[in-house]
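K.L.:
First the structure, which I've put down as structure tokens, then a few questions once you've had a look.
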């Protein structure tokens, strides 16, 4: 029999509640001081690592005992993880530090099925946990007794800035709200989303700019600690999409910025993408890069990213302002921008999650959520299925400390078909929690035509028609996948002859103006479209070898889209240098009687199709 030595550090709850204190997380009103009690099972004679694979702490919150279970986040770093900084004379210095025995954990509260935790145990316990639906923060108090910790609700941290902060991505989907409304009503079940054998893996590089370096007192270790905490939370957030994020490299621009970081978020993103394509990708293989900067961008923007761009050499990037003293906030902003890279757009009012605000809200909430909305789940899976980004299919080599698989730890390990936790907590009906094998009767795990691990009945609608040009699809009864999307022929009149069908949609200029500018927008007068004959920055039809070609007179309604917002703004247009196609009239749009836009030319509908 294996003897187990139980090492227990017994400390009582410090009987004190404070009204206000300044902590690393900011000025906190109403906090509780506790001394966590750590219990660790160590096999007798075993060599104990500095940070165990699993740990357990007991303390009290609001006078009630809680047990915090922690498990080391072994997927935090890739095996070839590297760190790069620059000497004062500009020399690149790259190291490959040993990160196997790190101190970053995920966890849960015992007897609270909806609880989560993201904790650094490097110097005491620092991080956040969800308990009975409320978010709490914990961090060490710098008293003479170093084991004292403050525990407080997130809502008790004073606001850092009253002005609302926003993502700079503009909603450009010109179609009606109907698909979003329908998506918001979809119930995406756990078994449909599980994809246990098809996890996606994002190999992430984070670049901290020179302002970040100086913000943290030019101390590389402080920058690294901050980034590790952010990625630990980022990793936790994305597991709900069945995506694992591994940090493959951290680069700190300790001797000045290597791409242009300016007050314009759009210019900064463009320059960072060019640098990544030109330089970083040649030095380090990775899937996505995020620039973490301490600059205060113009306006209220604190983040920006390209949409549906994962794996693209230039555009699989995002920029994030290190806006808050709470790393949870910064991690949520980074999760938001990476969400754009994964094809997820901003939430509409019909989108919901298990919180007041979801991750893809355009406005960053003062109490940010760690959950993606139902709309985000649908958009993500649509992007994965339609665009099929290949770079995130390969699993990075992880920095595992070799240990036998443990059934019930919610990690899919060698020899397991599934792992949904203990029999008491497992919520995944396809999995036998006792054996970590799929039940023998399981027909499917995920897909539009999979429900409760079985194929949905033949004839069940799995893809509603999105317009009169589309055709609804139904399940076959013998496949988990919805049949291939079909639609009416291109060129068929639609919307009472205001448009012509194109790939299942009925594109008309009014819908595009509505999406760009809101309900008060209409299509501008014909005279506004004449600006497309100028061939300037915004008024043109197409680009050839980087040169903007003006529209021919008959093609002006196939170039830049012009909308009217009333007498004050009769010729409004949208233009952004990060994606110059946004704000152009869409292909297939009616541009005249029996004419549609094709290749930026207004041609006969019969010729186009």
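Note that the numbers count up from 1, one per residue, in the order the chain is shown.
Backbone N, Cα and C define each Cβ position, glycine as well.
Sharing the feature lines straight out of Swiss-Prot:
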type	residues	note
BINDING	203, 287, 391, 394	Ca(2+) 1 binding site
BINDING	336, 340, 346	Zn(2+) binding site
BINDING	406, 409, 411, 413, 416, 419	Ca(2+) 2 binding site
BINDING	470, 473, 485	Ca(2+) 3 binding site
DISULFID	351-375	disulfide bond
DISULFID	407-436	disulfide bond
DISULFID	407-426	disulfide bond
DISULFID	462-482	disulfide bond
DISULFID	469-494	disulfide bond
DISULFID	469-501	disulfide bond
DISULFID	494-506	disulfide bond
DISULFID	513-563	disulfide bond
DISULFID	528-571	disulfide bond
DISULFID	551-558	disulfide bond
DISULFID	563-571	disulfide bond
DISULFID	597-602	disulfide bond
DOMAIN	200-396	domain 'Peptidase M12B'
DOMAIN	404-490	domain 'Disintegrin'
CARBOHYD	298	N-linked glycosylation site
CARBOHYD	350	N-linked glycosylation site
CARBOHYD	374	N-linked glycosylation site
CARBOHYD	520	N-linked glycosylation site
SIGNAL	1-20	signal peptide
K.L.:
Across all chains shown, how many C-beta atoms besides its own are within 10 angstroms of the C-beta of residue 551 (disulfide bond)?
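P.N.:
The answer is 25 other Cβ atoms.
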K.L.:
Across the domain 'Disintegrin' (404-490), what are the DSSP residue counts per state (helix, strand, coil)?
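P.N.:
Result for the domain 'Disintegrin' (404-490), in helix, strand, coil order: 0 helix, 15 strand, 72 coil.
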K.L.:
Looking only at the domain 'Disintegrin' (404-490), report the model's average pLDDT.
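P.N.:
Computed over the domain 'Disintegrin' (404-490), the mean pLDDT is 87 on the 0 to 100 scale.
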K.L.:
Can you give me the residues near the recorded Ca(2+) 3 site, meaning same chain, not 470, 473, 485 themselves, Cβ no more than 8 Å from the center of the site's Cβ atoms?
P.N.:
463, 465, 466, 471, 472, 484, 486, 487, 504
K.L.:
Compile a sequence-ordered list of residues in the same chain as residue 394 (Ca(2+) 1 binding site), six or more apart from it, whose Cβ lies below 8 A from its Cβ; state 'none' when nothing qualifies.
P.N.:
201
K.L.:
Other than its own, how many Cβ atoms are within 10 Å of the Cβ belonging to residue 298 (N-linked glycosylation site)?
P.N.:
12
K.L.:
Can you list the residues of the same chain, besides 336, 340, 346, whose Cβ falls within 8 Å of the Zn(2+) site's Cβ centroid?
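P.N.:
Once 336, 340, 346 are set aside, the remaining close residues are 167, 169, 303, 305, 337, 339, 344, 345, 359, 360, 362.
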K.L.:
Nearest to residue 336 (Zn(2+) binding site) by Cα distance: which of the recorded positions 416, 494, 520 is it?
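P.N.:
Result for residue 336 (Zn(2+) binding site): the nearest of the recorded positions is 520.
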K.L.:
Can you tell me the three-state DSSP label for residue 602 (disulfide bond)?
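P.N.:
It is in a strand.
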K.L.:
By Cβ count within 10 Å, point out the most packed of the recorded positions listed: 350, 374, 409, 520.
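P.N.:
Most Cβ neighbours within 10 Å: 374.
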K.L.:
Quick check: of the recorded positions listed here (340, 563, 571), which one has the Cα closest to that of residue 350 (N-linked glycosylation site)?
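P.N.:
Considering only the listed recorded positions, the nearest one is 340.
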K.L.:
Can you give me the residues near the recorded Ca(2+) 1 site, meaning same chain, not 203, 287, 391, 394 themselves, Cβ no more than 8 Å from the center of the site's Cβ atoms?
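P.N.:
Counting only non-site residues, the set is 201, 202, 285, 286, 288, 311, 392, 393, 396.
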K.L.:
Do me a favour and check the Cα-Cα span between residue 406 (Ca(2+) 2 binding site) and residue 571 (disulfide bond); whole Å is fine.
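P.N.:
Distance between the two Cα atoms comes out at 64 Å.
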K.L.:
Could you check which of these recorded positions, 351, 416, 470, 473, 520, sit within 10 Å of residue 436 (disulfide bond), going Cα to Cα?
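P.N.:
Near residue 436 (disulfide bond), where near means Cα within 10 Å, the recorded positions are 416.
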K.L.:
Of all the disulfide-bonded residues given, 426, 436, 506, 558, 571, which residue's CB has the most CB neighbours within 10 A?
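P.N.:
Output for this query is 558.
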